[in-house]
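Novice: Okay, here's the structure, questions in a sec.
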Amino acid sequence: MWLKIYLLSILAISVFTFVFLFGALPQFEDTAVWKFRKWLSNRPAAIRSWDSKYCGGRLSVVGDFCGSVVAPAAPWSVPILYCAFTTYMFSAYYEDLHPFIAENHWYYAWLAPVAYTILVVSFVLATFSDPGKITKQNHALLLNQFRFDNLMFLEDTECSTCKFTKPARSKHDRFTNKCVAKFDHYCLWINNTVGLYNYRWFLFFLLGNVWTLCWGALLAGLKMIVMVAAEYKDHPKPLPSIFSQWWQVMITNENKRVGIIFLLSVSTGALACAFTAMHFYYIYLGATTNETDKWGDIHAAISEGSVWMFQKPGFKLDRSILLQKDEEGRPNRSLTAEEREYVAQNGLALTLLTDHKPIVNIYDKGFLNNLKAVMFPNSAY
């Protein structure tokens with residue numbers, strides 16, 4: 001019974017995680033995944049609206065109060081939960097799997113200590129390293145770290161909280177209340193922002209989890225094969241399906257821990273692999289998670305027919321100069337002096353943009369260079 005509840009819970013968590021991770025990608029635009037993510041994102045506002053209409057905002061007041069009480073400890077609850085989960089997995093491995101592996105597959109015995117070391121080191125680095133906090137001391141240097149593309153990041157935009165000009169690709173993180181250079185996202189699992197300086201450690205952390213969960217599934221699977229073979233050695237034919245054989249072995253009391261290790265490793269390992277692949281895809285695109293969301297907004301505006309771009313047939317652009325017009329044809333901004341000079345020198349004309357492909361991402365330097373920039377960020381200190 002509990003195993004079925006666990007499997008259903010994992011399935012539900014996997015669906016919601018997939019929707020939130022990938023639903024904003026341009027490839028899913030106007031699909032059921034994209035629409036479901038948008039619907040979920042609007043639920044908090046819808047609940048507050050319902051509360052305001054029918055309960056006079058009382059539920060929101062209670063919720064805000066409860067949030068203020070648990071807020072100081074809440075950020076660390078997920079990392080603590082992660083550490084507890086990891087500790088349980090390794091203790092279960094050494095009690096139920098390691099003797100079998102050491103006796104029958106000794107060449108795999110080194111995997112556990114190596115994986116545990118990688119997890120601990122990567123978790124500490126990702127959790128406690130500086131993501132690229134922008135301060136008065138390093139602001140001038142970080143301001144010149146990246147060019148302004150005037151698409152997602154406009155010049156002379158001030159952070160309303162920190163009261164200084166926002167460097168390109170930066171964002172004020174509302175969870176940690178600080179501006180972060182090359183902001184990617186805030187990660188609950190490490191209770192830290194992922195940015196310019198610690199993105200490499202975050203990747204290290206992801207790869208460490210992928211490594212651990214994959215070998216966990218492999219080693220638990222090796223023992224499951226032996227247990228299933230022993231259980232059905234003298235079983236009358238025809239034998240049940242492979243799935244039924246594995247399921248029956250996993251739900252017996254003496255095999256439950258091995259079954260749990262296998263199921264946890266496979267289910268969470270699939271999510272870890274998908275999440276890691278997504279981040280390498282972002283590196284390939286030359287974009288952060290935050291910027292991918294912004295690109296989604298640009299694609300939506302193009303679909304609405306409100307985006308115009310300076311271009312010329314046959315001319316290869318090295319930057320994109322875009323304007324968004326309202327219903328009355330008024331542009332959202334004025335061109336900078338540098339943009340006006342670029343348009344005049346190359347004889348570019350303002351035309352309606354019907355496809356996102358002509359847009360140049362100035363931050364994309366090719367996959368290898370993008371990866372190099374992630375692994376070896378230029379220090380601003």
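Even glycines carry a Cβ here, placed using N, Cα and C.
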Novice: Tell me if Ser91 and Gly286 end up on the same side of the membrane in Swiss-Prot.
Specialist: no
Novice: Grab the same-chain neighbours of the topological domain 'Lumenal' (86-107) for me: Cβ-Cβ under 8 Å, and only residues 6 or more beyond its ends, written as numbers and ranges.
Specialist: 116, 119, 212, 216, 219-220, 222-223, 226, 257-258, 260-261, 264-265
Novice: Just counting, how many other CB atoms are there within 10 A of the CB of Cys187 (active site, S-palmitoyl cysteine intermediate)?
Specialist: 21
Novice: From the DSSP assignment alone, can you count helix, strand and coil residues within the topological domain 'Lumenal' (86-107)?
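Specialist: So the topological domain 'Lumenal' (86-107) is made up of 21 helix, 0 strand, 1 coil.
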Novice: Residues sitting near the topological domain 'Lumenal' (223-257): Cβ under 8 Å, six or more positions beyond its termini, same chain?
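Specialist: Non-local partners: 3, 92, 95-97, 100-101, 104, 263.
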Novice: Suppose you look only at the domain 'DHHC' (157-207); what would the mean pLDDT be?
Specialist: 94
